[in-house]
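Participant: Input: one structure, supplied below.
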Amino acid sequence: MAEQGVFISFEGIDGAGKSSHVGALADAFRAAGRTVLQTREPGGTPLAEQIRALVLKEPMGALTEALLMFAARRDHIEQVIAPALARGDVVLCDRFTDATFAYQGGGRGFDWQSLSILELLAQSQQAPEANLTHNALLQPDLTIWFDLPPSVAAARLASARVPDKFEAQPAAFFEAVRAGYARRAAESPVRFARVNADQPREAVWADVRHAAQGRGWL
Ligand SMILES: Nc1ncnc2c1ncn2[C@@H]1O[C@H](COP(=O)(O)OP(=O)(O)OP(=O)(O)O)[C@@H](O)[C@H]1O
Ligand SMILES: Cc1cn([C@H]2C[C@H](O)[C@@H](COP(=O)(O)O)O2)c(=O)[nH]c1=O
């Protein structure tokens, strides 16, 4: 019998330490015999990567930024994520819609309810010519939230790389982003697994693996 697709997203403020664990979880799934697709947002398709280059660099209003994030996401879903899930693959995505709620909603202060409407449209599983608000949304099966104080993340990033548009934001922005993630986690407690990212890498990895094992996937 064909395997069922599994969709896992990785979230957290910049510098939370997600990236290396995406690869480690991909290896764990492959070792368990699964085909894995590793991808990221914004990005994951040629069009969405072009949008990424714009939103990470150019100044723009909060609505423009939110619309571009969802436009990139729709293309990513249509071209990459939905086909992979239909094949039965494991999709590991470095950021997804919770980042839009946390950054554009929490960080930029964009209206949460309006983001929910955009989410409904962009993640609809209906054909685009149908009424896109009338069906279930494509959501991750599991969202691993790497949570840590912004001061710790900032200290990690200070020596790591040249900051992009978001990474250059002040501490208060990241406090608001973190609060945005906390709000999303409270709204979907079953989907979210909060991992304390303010621990040594091995301890973080143990918690990440445990989150996947708890769903019976590993
Ligand atoms: N548990 C940890 N303890 C200390 N440093 C860490 C830990 N995990 C990652 N780092 C370091 O913190 C920095 C940021 O890590 P990483 O790039 O994986 O974060 P990220 O969440 O993917 O960030 P972004 O979303 O901004 O790309 C890197 O220099 C990395 O080596
Ligand atoms: C999906 C998404 C991302 N962002 C922000 C969050 C990060 O600062 C960057 C992506 O950089 P990373 O190194 O790949 O993590 O984009 C956002 O503001 N809104 C979103 O929806």
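For all residues, glycine too, the Cβ spot is worked out from N, Cα and C.
Nobody curates TrEMBL annotations by hand; they come from automatic prediction.
Fair warning: this is a prediction, and the values are worked out from it, not measured in the lab.
The ATP binding site annotation in TrEMBL covers GLY12, ILE13, ASP14, GLY15, ALA16, GLY17, LYS18, SER19. The domain 'Thymidylate kinase-like' annotation in TrEMBL covers 10-206.
A description of the local structural setting of each listed feature is requested, covering burial, neighbours and distances.
Facilitator: Counting every protein chain shown, the Cβ of SER19 (ATP binding site) has 13 other Cβ atoms within 10 Å.
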Participant: Which residue, out of the binding-site residues GLY12, GLY15, GLY17, shows the minimum number of other Cβ atoms inside 10 Å of its Cβ in this structure?
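Facilitator: Each of the binding-site residues GLY12, GLY15, GLY17 was scored; lowest Cβ tally within 10 Å is GLY17.
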Participant: Find the average pLDDT over the domain 'Thymidylate kinase-like' (10-206) in the predicted model and report it.
Facilitator: 95
Participant: What's the most sparsely packed of the binding-site residues ILE13, ALA16, counting other C-beta atoms within 10 A?
Facilitator: ALA16
